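*Asks:* What follows is a structure written as structure tokens; I'll ask about it next.
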Amino acid sequence: MNSREMFCVFILFASFFYCSYAEQECNCDKSCEPVKDCTFGTAMDKCGCCEVCAVGIGHFCGKFFNNAVCAEGLKCAKLGEGADGEALEICLRA
């Protein structure tokens with residue numbers, strides 16, 4: 001499978017998750033679960049309440065994928081738009 005075909009499969013897979021996305025509200029009660037074994041380190045969640053495992057380059061981030069936060073040195077960048085016009089975002093070098 002060439003890189004273009006892999007990219008198309010990637011977008012198709014991402015669309016499946018995007019359709020099942022439900023945006024989370026910020027309810028900062030500070031009763032956070034401890035994080036461990038984070039491949040890309042840790043970061044504060046989108047509300048600034050709890051430490052969470054960060055995601056790495058090429059991973060989905062932002063509200064598209066459970067409000068995932070990019071690792072240090074990366075930024076959550078717009079990749080395109082889903083069917084409902086919401087932005088698809090992935091972690092890229094800052």
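Backbone N, Cα and C define each Cβ position, glycine as well.
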*Asks:* Regarding the disulphide bond with CYS70, report which of CYS47, CYS49, CYS91 Swiss-Prot records as its partner.
*Replies:* CYS91
*Asks:* Could you tell me which of these disulfide-bonded residues, CYS26, CYS53, has the greatest number of Cβ atoms within 10 Å of its own Cβ?
*Replies:* CYS53
*Asks:* According to DSSP, which kind of secondary structure is CYS50 (disulfide bond) found in, if we only use helix, strand and coil?
*Replies:* coil
*Asks:* Cα of CYS76 (disulfide bond) to Cα of CYS26 (disulfide bond): how many Å, rounded?
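*Replies:* The Cα atom of CYS76 (disulfide bond) is 19 Å away from the Cα atom of CYS26 (disulfide bond).
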*Asks:* Cα-Cα, whole number of Å: CYS49 (disulfide bond) versus CYS32 (disulfide bond)?
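*Replies:* That comes out at 8 Å between the alpha carbons.
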*Asks:* Spatial neighbours of CYS91 (disulfide bond) among the disulfide-bonded residues CYS26, CYS50, CYS61, defined as Cα within 10 A: which are they?
*Replies:* CYS61
